[in-house]
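Record features (Swiss-Prot):
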BINDING   489, 495  Mg(2+) binding site
DOMAIN    556-615  domain 'KH'
DOMAIN    625-693  domain 'S1 motif'
REGION    691-710  region 'Disordered'
COMPBIAS  700-710  compositional bias 'Basic and acidic residues'
């Protein structure tokens, strides 16, 4: 296929798609140019069904530093593991694409997005999401798209689609929404305490804009789209399924209705093991035993799936016996740990998170050097999910995509209420350790983070709580669930996380397993989430009503002084010599910004005070009219040099020593003598003249004797 180009304008910027020129051996490939951002997307599919009980989809988003005209950092000067932003963008693209493949599809699919040029005012992630959908749609991969995504901002009561950098900085909302022509199927958002009505309207505005992008994709597919390949879907043997359902469905239903998680898991596992043992023995000599046992496992999973959904939709009974809108038992604790700067333990049913606060000087902020201009990140929220939290063994190592994503969600939820840098000049790190998990651990980490911040004396604007909403839908009827547990998440159709304060929403995240959800479901879920959020905030505020007025004794104290910008080099010294000497002497940490704000951190107030004195002395300047207690350091015939302070000397001319005539300076002064002087002049070169006699009352002039006349 020769190169073909398709052009439109979207959100005020040119959107150009090129097909047929590059990556022609992939099943589908596109080059998307949005503004001056350029993204190459290639989609490929394995020829055979993969083993395993899941769909092996891999979406990558690769940031090439050359795209922004930068050299990679580090010794190797080559791109390494994906940045946090790249990982989050890959997840952002994966989530709306994944539901658009058929049930039982098991071929491996890879979608690789490479950023070739970067324009900070034209969203490369949105170009990559568009390119991913289009590459799959024009390929022979059986993808039931297209989908598209947009960013939505909110400034002065107006919604803005794909805002540029300046607009995003002024926006009260940072929303990414994706979906198909019919419905929304992915949401990711941070917001500055916006109402449910505004958030819902933003979602609908975003979905309207998505229609333009989908229509554009459909035009391209009509011209260059390939015929979809016939692939084998994972389907179980119908006779085997009927046999197992008839014999064991009642037993499995009974096991599913056990309320306590561990007991329920044990009961369902016992039934499954009994069934597997029977059929493994029955077909032991069959050459297709592996396929049969795979089908048995899949049938049992489908039976459990069907019973959980039936209980909720028909009987309105949840696996643990709760009502549809009921939250599990809550508990909130502060000061769980000594020595740390703040800690909070939050428990919701069998989900538990411990959050630990650490405060540090601003010099500890994380420097982010990606495709965007380098910047410093003041607030970090890290989420850890050890396998013991679900009673299992498993991999331990660096944070995976899921942990990075959950940490980022908590970060967005909490950063909206943090004090400004001027109010609270600290770098802030929260670490969420998930100790138990039965669903919604990311929201528990938000609640625990609120407790830790307030216990640590961080003056947040308001406490934040999070809740996860679920959905069971048969296409006609649906049920929205409050505070979903693991089983409801696994067998349900939606995981909709909502975090916020009493004033409004600070973060949203939605993933679904069906093609999309309607505005009615979104509205109902947001309303139920608000009610639940307020219930959780009641528990948090009963434990700690407001941030403590003081930091923990172990937290670094801070004081700030302002110096002239031209004095920064004086405090730092040649090669940092002066500031290093101060730090070595006092044991403090010092940060100096470009405006001359000096922040001094230490747990010892006396050390802070001493540091302030040293710095004040370094930057101090003599002023005309001020009086100084000085020390004579040198004597010359024409006067004496005195030290006013630190490295600032002044000349007391011989004529300024006394009102009477001074013949020899050494007759009046000696080196090391303390004298009081007044600065009377500073010339253009900074040389200081001082006077001793200016501080002495001038003696009266002698009266003239009257002449006698004869």
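Glycine residues also receive a Cβ, built from the backbone N, Cα and C atoms like all the rest.
Remember, predicted model here, so these are calculated numbers, not experimental data.
Other Cβ atoms within 10 Å of the Cβ of residue 495 (Mg(2+) binding site) number 21 in total over all chains. On the 0 to 100 pLDDT scale, the domain 'KH' (556-615) averages 92 in this prediction. Helix, strand and coil counts under DSSP for the domain 'KH' (556-615) come to 32 helix, 16 strand, 12 coil. When Cβ atoms from all protein chains are considered, those within 10 Å of residue 489 (Mg(2+) binding site) total 18, not counting its own.
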